[in-house]
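These notes concern the structure reproduced below.
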Amino acid sequence: MFIFTISPELPAMFDGMKLAAVATVLYIIVRCLNLKSPTAPPDLTYQDTPLNRFLLKSCPQLTKEYIPPLLWGKSGHLQTALYGKLGRVNSPHPSGVRKYLPMQDGATATFDLFEPQGDHRTGDDITMVICPGIGNHSEKHYIRTFVDYAQKDGYRCAVLNHLGALPNIELTSPRMFTYGCTWEFAAMVGYIKRTYPQTQLMVVGFSLGGNIVCKFLGENSMNQERVLCCVSVCQGYSALRAQETFLQWDQFRRFYNFLMADNMKKIILSHRHSLFGGNPVKTIDLDLGPLYTATSLMQIDDNIMRKFHGHSSLKEYYEKESCVHYIHNVNVPLLLVNSADDPLVHESLLTIPRTLAAKKPNVIFSLTLHGGHLGFFEGAVLFPQPLTWMDKVIVGYANAMCQWEKQKPPCQSGHLSESSCAEEKA
């Protein structure tokens, strides 16, 4: 007969193991949620000009501390995931009218037009022309939330629906939206200028849309006529430089790449009849096999997207479609916004807007510590507010720009420095 006795040290050892396990779990949670990261105002790069000083004074969101929700808002992954899954919390349903614009190549561009819900504070007619992110359109929650907020501040809003992005709108030519094609956005802007000859424009782009709007403005100086300013949020500036980072597992970019590629495959295959066969217009000739097996955006771009515009290689496609080669031609006031914890935009890409803002007096580059990719949620502890820091900063910057236009000295345009103003006075 054996008698087992429990040493008094064993319960203490088990308690110690439990405490160690709990401590380990808490450590992992703190690290994953980045809870020890401080909150801070955006890191700003700009030249000291009268306009920039006025904008920073009149748009406090750019200089005050951005405070994300305490428990999860300091994680760029959770901010990005919540934006991707929900878009926004309790998003409204602004009422707009859908417009159809026939293009020269047989495509049909569409955009939604939302009239202001009151007079603008300056009494002027201002239209925001908005370009959403990759595969997005006017019905996305983050777009609806922003449009409703801008409408209430007296802005008319025109939102481009990327060609092929709306599931209930058939393509009328063998072409869909690409990374940097500005044709549909140009058509929308042209319609607004013709229909509202008294209106002034504010250009807004989100993610891929930021690349398109900056490229559009930089392609031709005439595109900047009647444009008060431009705001770009969370874009990557150079697809050629970004492609290598998208294949890395750092910040799980390879996983995000896979998810975005899967979404692009669904969009392309939903229009396979218009793109690859049965259309009276000649379709592009290609093998769909690589599309089905693609696991990255680069594979889809190389096998499908570049061929819509006849680019001979992926390198040529990315070179021609990236705004990095055009953005230096933009002379209207330009606000570039990125987040340091954006898992999609590698930090090496941020040298582009930082260098631009250091060289050009019309550019402000704002880099937040947190916010993820198009997240920028605000809230006390757990639940985010319906409006985000991003929504507020765009409208705040737009309001400040309108105010500047109303009261600026005659010698000061949006990009003149104090020395230039003094020379003009002399």
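Each residue's number is its place along the chain shown, starting with 1.
Heads up, the Cβ atoms here are built off N, Cα and C, so glycines get one too.
Note: TrEMBL annotation is automatic and uncurated.
Per TrEMBL, these features apply:
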type     : residues : note
DOMAIN   : 127-380  : domain 'AB hydrolase-1'
ACT_SITE : Ser207   : active site, charge relay system
ACT_SITE : Asp342   : active site, charge relay system
ACT_SITE : His373   : active site, charge relay system
* Rounded to the nearest angstrom, how far is the Cα of His373 (active site, charge relay system) from the Cα of Asp342 (active site, charge relay system)? -> 5
* Asked: Over the domain 'AB hydrolase-1' (127-380), what does the predicted model average in pLDDT?
  -> 94
* **Rounded inter-Cα distance in Å - His373 (active site, charge relay system), Ser207 (active site, charge relay system)** => 8
* Asked: Do any residues at least six apart in sequence from Ser207 (active site, charge relay system), in the same chain, have a Cβ closer than 8 Å to its Cβ, and if so which, in order?
  -> Pro132, Gly133, Ile134, Val233, Cys234, Gln235, Leu344, His373, Leu374
